[in-house]
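Notes follow once the structure below has been shown.
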Amino acid sequence: MESFDKFKIWVLFICLISELGHGFYLPGSYPHKYGVGDFLNVKVNSLTSIDTELPYSYYSLPFCKPDEGVKDSAENLGELLMGDRIENSPYRFKMYTNETEVFLCQTKPLSGEEFKLLKERIDEMYQVNLILDNLPAIRYTKKENYFLRWTGYPVGIKVQDAYYVFNHLKFTVLVHKFEETNVARVMGTGDGSEVISTAGNSGSDTPGYMVVGFEVVPCSFQHTPDSLKNLKMYNKVPSAIKCDPRTVSMAIKENEPVAFSYEVNFVESDIKWPSRWDAYLKMEGAKVHWFSILNSLMVITFLAGIVLVIFLRTVRRDLARYDELDKEAQAQMNEELSGWKLVVGDVFRAPSNPGLLCAMVGDGVQILGMGVVTIMFAALGFMSPASRGTLITGMLFFYMILGVAAGYVSVRLWRTIFCGDHKGWVSVAWKAACFFPGIGFTILTILNFLLWGSHSTGAIPFSLFVVLILLWFCISVPLTLIGGYLGAKAPHIEYPVRTNQIPREIPPQKYPSWLLVLGAGTLPFGTLFIELFFIMSSLWMGRVYYVFGFLLIVMILLVVVCAEVSLVLTYMHLCVEDWKWWWKSFFASGSVAIYIFMYSINYLIFDLKSLSGPVSATLYLGYSFFMVLAIMFATGTVGFLSSFWFVHYLFSSVKLD
């Protein structure tokens, strides 16, 4: 008890400190203090396009390379899986030192292959992504009376039949004076290797600055050949460079070089360190997002409440009416009336393919647990967009750890179906460990071959493939088997009634029962289709998704609605003496995946109109299928477990001989 009291005191102390620090900021990276004149190195990420969804290396195009050579920055597992390839660049600034007409390099005369590749990348609307102090370069364009925000800038533009490249960049770096108290209020998970220690410098009068904004304006400028003679990298171009984004002049031609230059301007800003990501997260249409989500939540909650109230009143009234009768009247009622009371000897009869059902339910528990825990951590700020790749890395970590839950649930369900029999539990645990991961691995391998064939940075390197396989078989599979062992040792759930040896004949139905099962997914789909649009936009349109708090609410509501839909449908099937409820309860809520996949196809046709090429479409459909498969396992598991609990409770609450 003493240790627990000490733990509570520490928790309260930490909470008090965080409350006192009004600028407490969890996501992002550590603040980096730069003195005037310190070098700032710009990094480059993969070239990306919403037209093809195939990322490519920055240096796959004839751009200037740094004198020290191209070097990869340290990347985590999530960044590699997302196709990020962060490398150094020749762009180099000095803190709080404005520079203009800085010469970068002049390429060799463009070969026929380089010229063709540049034209293709311009046609496919590829964007150059630059990073300074963990901040992506942001670009503003004015449309009518408001500004649009974009990350990165286009490689070039096509005007009539000519192709122009943006070869001059105008950078604006927003800085904020370093405040010593900021360090005590900031926590993060960014580039720790770049942190400059400020210990012992509190009394120094040397001003320090932090980078709080990084903006870029791309221009196409035609340099005169005479002005570039004998210039080396970072020399000043003798002729003035006028950067006007509304005009283009640097047309690319075969067998002609391209000269690159830049300028940088430092501006002191009132933006503080914890708020420096606001420009990236406050996208246009935010109000529509909030009100749409709120409206959807209110409507779905109201409908779910009505369904729940009607359902509870019906079942309770039926139970109360049945319990008030004596045994003779109950026997007479069983003979005269039809309904769920007549399937008492068959309702717990083992379903077809019980091993597959147990494995799918176990995998569903693992996927659902991973989703809930990951979204909770993201909502708390541990996996913000400021820390690239942490969301995917966290999902993989939680998925592997929750293999224990998958093995435990699948094996315990297996033993329950067969009334406590231990036989075959190892096979069920293996199925749970390999069924969904095997399907996902097969899909991703096929898609990865397409990416390899396209020479895209989105392709997973072979070494990473080996790492993923080792993580699967050395961590996830053993944990699933351990969970299966615990499930085999745990007591099985005993049925409240006996099962007859001869199955009861199911009366003919007026309509196919599976038709109702497939239609049941419309209500769960209504809880998330608005949020689904924003998720799809962040995945395929290059936008930043950040409203994890709303996503957590939507996910909780989705779980509630899936449970209610499955309960109602199971009760309806039992009322018409259809005792084969096991698989139908799973797919009643799991059928929401069908509507999500149909929505994905609709999004491909009407929102991603510019998506070009069979490779891009195949990648989109492949990743979408993998996503809806995971959703089907998770939502189906919710429906099945809630229906199992309901059937067990229903037949254990009625006095039956």
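Cβ coordinates come from backbone N, Cα and C, glycine included.
According to TrEMBL, the feature signal peptide maps to 1-23.
Annotation source TrEMBL lists transmembrane segment at 290-312 (among others).
The transmembrane segment annotation in TrEMBL covers 356-383 (among others).
The transmembrane segment feature in TrEMBL is assigned to 389-411 (among others). Counting same-chain residues at least six beyond the ends of the transmembrane segment (389-411), those with a Cβ under 8 angstroms from any Cβ of the stretch are 75-82, 84, 189, 358-359, 361-363, 365-367, 369-370, 373-374, 377-378, 382-383, 425, 428-429, 431-433, 471-472, 475-488, 490.
TrEMBL lists 432-452 (among others) with the feature transmembrane segment. Counting same-chain residues at least six beyond the ends of the transmembrane segment (432-452), those with a Cβ under 8 angstroms from any Cβ of the stretch are 54, 356, 358-360, 362-363, 366-367, 403, 406-407, 410-411, 458-460, 465, 468, 472, 476-477, 480-481, 484, 615, 618-619, 622-623, 625-626, 629-630, 633.
Summarising the annotation, TrEMBL assigns transmembrane segment to 464-488 (among others). Counting residues 6+ beyond its ends, the transmembrane segment (464-488) has Cβ neighbours under 8 Å at 77, 80-81, 362, 396, 399-401, 403-412, 414-415, 422, 425-426, 428-430, 432-434, 437, 441, 448 in the same chain.
Annotation comment: TrEMBL describes 514-540 (among others) as transmembrane segment.
Taken from TrEMBL, the feature transmembrane segment covers 546-569 (among others).
Sequence annotations record features per position, and here TrEMBL assigns transmembrane segment to 581-605 (among others).
The transmembrane segment annotation in TrEMBL covers 625-651 (among others).
Packing against the transmembrane segment (356-383) from elsewhere in the chain are residues 26-27, 189, 390-391, 394-395, 398-399, 402-403, 405-411, 413-414, 417, 428, 431-432, 435-436, 480, 548-549, 551-552, 555, 559, 582-583, 586, 630, 633-638, 640-641: each is 6 or more residues past its ends and has a CB under 8 Å from a CB in it.
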